[in-house]
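**Q** Look at Swiss-Prot and you will find HIS177 tagged as active site, proton acceptor, backed by sequence analysis. Annotation source Swiss-Prot lists NAD(+) binding site at GLY7, ALA8, ALA9, GLY10, GLY11, ILE12, GLY13, ASP34, ASN94, VAL117, THR118, ASN119, MET231. Here Swiss-Prot flags ARG81, ARG87, ASN119, ARG153 as substrate binding site, drawing on sequence analysis.
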Amino acid sequence: MKVALLGAAGGIGQTLALLLKLRLPVGTDLALYDISPVTPGIAVDISHIPTSVSAVGYSGEDPSEALKGANLVIITAGVARKPGMTRADLFNINADIVKNLVEKVAEVCPKACIGIVTNPVNTLVPIAAEVLRKAGVYDKRKLFGVTTLDVVRAKTFTSELKEKHVETVKVPVIGGHSGPTILPLLSQALSEGLPLSFTQEEIEALTYRIQNAGTEVVEAKAGGGSATLSMAESGARFAVAVFKALLGEDCVRYAYVESKEGSGYPEFFAHPVRFGLTGVEELLPIGKLSEYEQAKLDELKPVLEADIALGKNFVNP
């Protein structure tokens with residue numbers, strides 16, 4: 001079984017490569033690809049770490065060698081956010097990069113699962129879907145946007161606010177992966193399996209912080225980058241869990257995937273997902289929303305739908 005990481009020399013990619021080397025199951029092949037000539041060296045560097053995961057690096061314009069035989073492809077390639085940029089500002093550059101990479105996936109390993117980390121996820125996942133559709137290989141079970149960082153942040157910030165042990169806290173996060181499209185369901189938040197209670201003021205402040213946490217990091221880094229380390233750790237959590245699901249382990253994670261037709265949700269939406277041998281096996285119920293959450297959901301739908309349309313129109317102008 002093989003994982004290919006595209007964008008392995010970037011701020012997220014290098015850390016993610018390290019974490020995958022440490023956490024993937026014994027015997028996994030890890031292929032690292034980036035346009036940068038340092039990529040083979042990154043693979044040599046992590047190959048000195050004593051785990052039973054083999055790492056090989058590839059650089060240049062063509063990722064085909066890295067993709068051969070891949071079961072799971074994780075895409076982190078693209079430019080990062082800088083101060084003053086929104087995730088949507090990244091679109092013009094990253095849309096082309098992801099489109100070209102997914103075209104290669106469609107050609108070289110069309111049955112592989114694809115996890116997209118590169119932003120703007122809301123728009124790039126629909127681009128990938130259209131590229132795969134054009135190539136005649138689209139399978140909605142095998143394409144997902146990685147929104148794990150929103151879940152991780154919700155868990156961390158909620159545990160800090162409520163002074164609970166972070167490992168015991170669970171907070172669902174649905175919707176999209178930018179600003180107001182990120183919707184934490186604090187009405188369903190649990191600690192040690194018991195519901196947590198919040199004042200309305202706490203709900204509004206916590207929701208705002210989770211939605212704008214990316215900007216918090218960009219500003220704190222004072223022009224020196226965006227959220228790379230927490231994103232890499234979240235990406236590793238997701239990639240390892242999904243890879244183990246492909247090997248037969250039970251796995252439920254939140255991810256931005258194609259919705260069921262007639263569900264009332266936008267065409268792509270972050271749901272709780274049961275992953276299995278073929279990728280997405282089942283979209284699980286989102287559960288009952290509070291009035292506040294329902295209002296936020298109604299607000300985010302047109303924003304997310306516009307993001308999705310932007311992606312589809314990029315491939316089919």
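Cβ atoms are placed via backbone N, Cα and C, with glycine included.
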**Q** Using only the residues recorded as binding NAD(+) (GLY7, ALA8, ALA9, GLY10, GLY11, ILE12, GLY13, ASP34, ASN94, VAL117, THR118, ASN119, MET231), report the maximum Cα-Cα distance in Å, whole number please.
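**A** Across GLY7, ALA8, ALA9, GLY10, GLY11, ILE12, GLY13, ASP34, ASN94, VAL117, THR118, ASN119, MET231, the widest Cα separation comes out at 18 Å.
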**Q** Any idea what the Cα distance is from GLY7 (NAD(+) binding site) over to ARG81 (substrate binding site), rounded to a whole Å?
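**A** Here the two Cα atoms are 15 Å apart.
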**Q** Here are the binding-site residues: ARG81, ARG153. Which has the lowest count of other Cβ atoms within 10 Å?
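**A** Comparing Cβ neighbours within 10 Å for the binding-site residues ARG81, ARG153, ARG81 has the fewest.
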**Q** Considering only the binding-site residues GLY13, ARG81, ASN94, MET231, which fall within 10 Å of the residue listed as 'active site, proton acceptor' when distances are taken between Cα atoms?
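**A** Close binding-site residues: none.
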**Q** What does the structure give for the C-alpha distance between ARG153 (substrate binding site) and MET231 (NAD(+) binding site)? Integer Å is fine.
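**A** Answer for this pair: 10 Å between alpha carbons.
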**Q** Translate the DSSP assignment of ARG153 (substrate binding site) into the three-state scheme.
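**A** The residue in question, ARG153 (substrate binding site), is helix (DSSP, three-state).
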**Q** Judged by the number of other CB atoms within 10 angstroms, which among ASN94, THR118, ASN119 is the least packed of the binding-site residues?
**A** ASN94
**Q** What's the CA-CA gap between ARG81 (substrate binding site) and ASN94 (NAD(+) binding site) in angstrom, rounded?
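**A** The separation of the Cα atoms works out to 11 Å.
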**Q** Could you state the whole-number distance in Å separating the C-alpha atoms of GLY11 (NAD(+) binding site) and ASN119 (substrate binding site)?
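**A** So the alpha carbons of GLY11 (NAD(+) binding site) and ASN119 (substrate binding site) sit roughly 13 Å from each other.
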